[in-house]
Structure formats: structure tokens, C-alpha cells
Amino acid sequence: MAKKGAARKDVPTAPKGMRDIVGNEHHKYQGFFEKASEVALYYGFQPIELPMLEREDVFLSTNSEDTDLVGKEMYTLKTKGGDKLALRPEGTAPAMRAYLEHGMQSQPQPIKLYYYGSFFRHDNPQRGRYREFRQFGIEMIGSPKSVSDAMVIYLTAMILSDVGLKNIVIDVNSIGDKDSRVPYLRELTQYYRKHINHLCANCRERIKTNPLRLLDCKNPECQPYKEKAPQSIAHLSLASKAHFKEVLEYLDALKLNYRINPYLVRGLDYYTHTVFEIVEVPDAKIPDAPAENTTQLEETVEEKGKRTAKDEREAAANAPLALAGGGRYDYLAKRLGSKKDVPAVGASIGVDRVLMSQNYKAVTPRIVKKPKIYFIQLGFEAKLKSLEIIEVLRSARIPVAHSLNRDSLSGQLGTAEKLEIPYAIIFGQKEALDGTVIVRNMLTRSQDTVKVAKLADYIKNIK
Ligand code: AMP
């Protein structure tokens, strides 16, 4: 006999890093998506359903080869017609593809979209990291304004706090625009070249291919060099600095708990200006409150960066998982072939990780109703007509539970009691012949005989 819990050898299992989501767990996901959609709709976002597969180019053209997402993590396939497609690893590039494809530039800007569903990355499965995972994403396309960055960050934080998450901290950074990036990358590369012999193999490669990602390295041997590395916030162009300052002003005004994290660059290439990630931390680790006013902020942008370097090292040991991330991506549209740049900002929430939080308060999906009635049938005559009675209740939108496979009265009553359902309908041979049912109050045990034709009204009128 097979060991308990072990799958039989000849039964296939779900692919590594992917899983079935069944029953209550499914409701948890659905409840989250409903809640998040409600918040997004409230703020004027409209739903978009993106295909699971995109042309590989949508991702290849938007990222340099060194991004993990393109280098190793993308699931790709060739269709029978020879097209190269990829299972979507993220939603931002597809959303921008849809915006351009449907000429949404000609509508009033910005276009605000939300979407949710599965995304796929061929990564090593570990805590909070799957190969198929679910994201809820929001994108605000066509606005260069700092208020859009703030709104996206705020909305993301509000969705997380609406589902019960506590002690949410927003890590925020600015990686600037083109004018900031060129001199900054030159300095960063020069700095790292001096230490090249002490860096991990990945970082040595990144110096050539994608120097910004040197700051993303989690390898302990690279940490001391990362801490002393030049920081992007110290190299912002005037325009980038003004944009970032405004974003921080909004975050202050909105009383969001944030900290400037100079190492935050995010894995994808197309980000500009604001980048952010949201984590949930234990009480003790809540960082200092944001600076009180912007003058102070202006003076401390660089100092704050230095202070957080130490915090970062302390936190690195058991860093909390990022629950959401996002940023501005003003150059993505051109990479997808648009003649003009389209300023945009977005975020995505890692729903699997949110549901793993101890503080997550499951939201019941609207279609799931607590049963008001437990339907009990006795004898073959009654069983034959059971579905008709259940349908009378369903079409009157009265939530009903039942187990037609069971036969005994006591067993069925026991289940009704266990589920704490307030009323039972008892439907036996006699009732089946008379066209009636017995409605039993499970608390007082009082019973009424009711005509099937009057059943829905009767139940709607009981308190
Ligand atoms: P990204 O698209 O990489 O910015 O990811 C946004 C959020 O999705 C992250 O903050 C995570 O919460 C979640 N996420 C990303 N990759 C995975 C994964 N492989 N498994 C589970 N969640 C993920």
C-alpha cells in the first residue's frame, strides 16, 4: 500500500512550483480579487483581461538580456505556425501593449487599468516564490504627474490594509530619468570596477550588462561594496529630484509609512523615477516616521540614504518578503515600438504572499453565501423530487446546503446542527406526495408544514 500522503507513482502531480487551489482557499483568492477590484473601481480604474500568452517580443524588447525575467525565468514556446510566445511573467508590458494596440492614446488620459490572475516565472520554488503565482496589478498610463505615482502607491497600500495587513512599510527610491541615469551609471560602474575581484560572478557580469542591478545583489560577499556604492538619489537631475520630492510630499500628506531605500532598483529594466516595494514588518521593526516637512526632506534625502544602509544590513538576515512592487516606466512604450514616450506608473501585488500573512483577514466572495436552510430528504420518493425543491430555493436566492447522498434523518440533522444552519427543510415520502415540506427551526425545534408553492415566500418572511 502507498504511504499515507504519498502520491501513487502512476498518478501525475501538478508541475513543480504550481498547485491546485481548492474550496476555501479558492474563496480566499476570489475574495481578495473582489476586494481589490472594488477599491480600484472606486478610484476610477477599469478592468482589463490580458492574454496568458504574449508574443515573446513584448518582454524581450522591454528588458535587457541580463534581467532574470528574460534571461532565465520566462516560459517560452513556439506555436505550430512558428510564432514565439511567452507565458506572461508580468502584466505591465502586456498592459502597455494593449494600450498601444487599441489606440488608447486618443482617449482622455490617463488610462487607468487593473487586472489579476496567474503569472509565470521559471524560478526556484521556495518560501513565497512559486512558478505560477497570482498578481493584482494597477497601471496608470499617460500621466507624467507625481500625483499618479502617489495614487498608485496609496491604492496599493490601501488594498493591503483593507484586507487586514498591519505594519505596512513602503520602501521607495528614485532611479531618475535619462539625464540622471547616464552620469550615475558611469560613476556606479567606475566604483564597482575598482572592486571587481571581490564581487560574486553575477555582479562581475552585471557590471557589463546591467550595472543598476548590482544594487539588487543579495550575496553576502557583495554587501560591503553595495553599502559604499554611489546612490541614485544623489545623482538625480533637477527634474527627477523635483518629481521625487513631490512624490514624498504626497506620501507625507497621506501619512504613509515609508522609508527611502537607496538600494531599491527593481528587477525590470524599464523603470524610471519612482520605484517602490511594500513589506509587512513585525511591530518592533517599524522604521522612523517620515520626515515632517519637505524642506527637511530635501536636506535629508542623501543622509537618509546613508542611515538606511545600516538598517538594511540588520534587516538582511531575515528580510520580509515583498508583498507588492511597482514604479514609473516612462520609457516602456517606445521600447514596444511607440513613436512617442508614454509616461506611466503602476504596481502589482503578490496575492499568494498577501494570503500567507498572519494578519490577512479573509474576505468572503460575494457569490459565497452562508446557508440559511439545510435540506433533508427521506426515502426514494423524496430524493426523486429533491432537486426541484432545491431549485425553488436557489431561484429565490435562498442559500441552501444539503447532502443528497445521505439517507438517515439523524445524520442529516446532525450536519445541519454542526454547520449551525438556523432552519432545516424536511422532505419525506408523505410530503413528496402532498406537495409540501416541513420547515424546522433548528433552535426552538418548532416545525411548520408549508406548501412547496409557498415555500420561498414563507422562508423570506421568517426572521
Ligand atoms: P514584480 O512583478 O517582480 O514586481 O512582483 C510584484 C510582486 O509579485 C512581488 O512583490 C511579490 O509579492 C510577487 N511575486 C513576484 N514573483 C513571485 C513569485 N515567483 N512567487 C510568488 N510571488 C511573486
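Glycine is no exception: its Cβ is also placed from the backbone N, Cα and C atoms.
Note that TrEMBL annotation is computational and uncurated.
As the structure is a computational prediction, the values presented were derived from the model and not from experiment.
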Completion exercise
Among R121, R127, R129, R259, TrEMBL assigns to the L-histidine site of E90, G91, T92, Q135, E139, R266, Y270, Y271 just R121
Problem - Among E90, T92, Q135, Y271, the binding-site residues whose C-beta sits under 6 Å from ligand 1 - result: E90, Q135
Completion exercise
R266 (L-histidine binding site), DSSP three-state class -> coil
Completion exercise
Reading the DSSP string in three states, the entry for Y271 (L-histidine binding site) is coil
Problem - Cβ neighbour count within 10 Å of Q135 (L-histidine binding site) - result: 21
Problem - Site of maximum Cβ density within 10 Å, from binding-site residues E90, T92, R266, Y271 - result: Y271
